[in-house]
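Everything below concerns the one structure shown next.
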């Protein structure tokens, strides 16, 4: 069809003329457009503004622009046709669009539409429905886009101010609760790329806004969107899987996401998506771990770095304020804001003690505990534990509160009758204490002294000095002090590095405390494990390892584990978890060697030595000395073993050899080692005790073994190696201070 005839409409002529003018001469072939009077080109067309005239290519202002004009007089040159035309004279952006079309000299994408495009009612293809649909989409997207912008600003301001109340008010003022899922998604995704401080702030904010400002379905939807976008997030945040999994685990612990979220999301996600990895990490890496709630709460700084003393102070303040105001709702809100559900037993304990001290506040405090129990804010195990802790200290309370035992019994009866306390799970109050309790002042003084002794030992490593200090501080009538020392030693070691943990185990083995005292020390550790977990999240693992190490070092016998287990309340108690983990460690293959090396010590200063290796070295050095070796060289070799807590093996092997061969040369070696402090009295007594235990077997080779052993015991007492209280009975068991070793 001829373009110059009159059959083309005016509109089509203008479109075709505009296309020919904006075409790139190198990308399309030039179209010859006739300047017919029927299609005059207006110089004021907004689509192609008038270009400044080039001095090299003058043209008439009335002549239409043609692709040929780009060449000018250089159109026939051999070089680039655009060599001298370096700058575009058009106001249109010549760069390609994101979709790959619409650049300078192109016709645009097939479905591209300019922003200024509007529907023409005179267009024969015009339908009113099309325009209405576009208007409705714009109306829906406009508020959401506005919400997105404001949500980002709110999150940025919150990270800068840490003001939860102000953030909640701003979110309410937006007035678009149906879009709050986007706020959840944006808050978490922005925090993921920041420091632990912002992550903790985000978790606290979500917990504070939950249900009050953001509806639970919106929180659920926000986390669902985050999991779905994990593949995109990992491009900018490499540790997306771990961080997002921790956010989800924290939400479950804070009760703003149901545990069923994990199962439902796993079923709806593609198997190869990163979201599946996120869900698995949250479920198996965080929520399945022992004491996972405490660990997760403290992962990013732990509830604003609260310490035990801080929490106790806040509990005391909220109870005092409640007694004055009587506002149960405010008190429950404060308890919830503490975010320490595993420490709620402290609230029960302090509330009951306050009720015992102030009779007029008794009803009000019991009402508060009843409400918290009925609403599930404080669970039954925490209530029982709180009462149990008071029962344990009721004799101390009697010093300040007359008839404390009777008052406590009355409170227990009231709580049980109201149905929020299971009295059958508590210890009996009718019986007096089975063991004499230490005076409060004496116990506090010893704890302070013990801490000083332990800290000095961690610096010097001098076991003998610790033994001397303890002998001067304690007396045989106060065996509880030994248990207190064991508890303090292990507690301080758990909060330090592996070096101090190894030193603590070595010291515990070297001191040779009576087994009952060590057992009581571990029971005290387990009872206070909930409090310790605030500062040491891995308390279960550390306690289990210390307990297993005590068995390997023969500080405790395996039967003592059952005694400790009998003090644990319930299968879910921390004590039961510690006991089960310790048993698992001891049952493992090569458990002795692994446990000795658990903190890098290997039972000696030379990493990697097993117990059998050490026994073999001791046997060889004793044989060498017996055959004519130098006593100083033998002492040096014993010292180089680096195992002062295992010197009882030297005593045992030397004594057995002396009894078998009736050669006193090794007896002289023991005397030299004792005189220079290389072998302590404790190690001597433990060595003699182990020989006493094996007398029945030894009698098979040495018929007069018992008579010889009796003679050597008396000789050791005379020379000061053994305490005068040391003896052994006819059954072959050594006895010290009236108790079997």
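Using N, Cα and C of the backbone, Cβ positions are placed for all residues, glycine too.
TrEMBL annotations: computationally assigned, not manually curated.
Record features (TrEMBL):
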- 1-15: compositional bias 'Basic and acidic residues' (COMPBIAS)
- 1-132: region 'Disordered' (REGION)
- 83-93: compositional bias 'Basic and acidic residues' (COMPBIAS)
- 99-108: compositional bias 'Gly residues' (COMPBIAS)
- 146-267: domain 'MI' (DOMAIN)
- 310-431: domain 'MI' (DOMAIN)
- 445-566: domain 'MI' (DOMAIN)
- 613-732: domain 'MI' (DOMAIN)
Let's see if you can do this one: DSSP helix, strand and coil counts over the domain 'MI' (310-431), in that order.
98 helix, 0 strand, 24 coil
Please list, for the domain 'MI' (445-566), how many residues fall into helix, strand and coil according to DSSP.
98 helix, 0 strand, 24 coil
If you average pLDDT over the domain 'MI' (613-732), what do you get?
83
Secondary structure tally of the domain 'MI' (613-732) (DSSP, helix then strand then coil):
83 helix, 2 strand, 35 coil
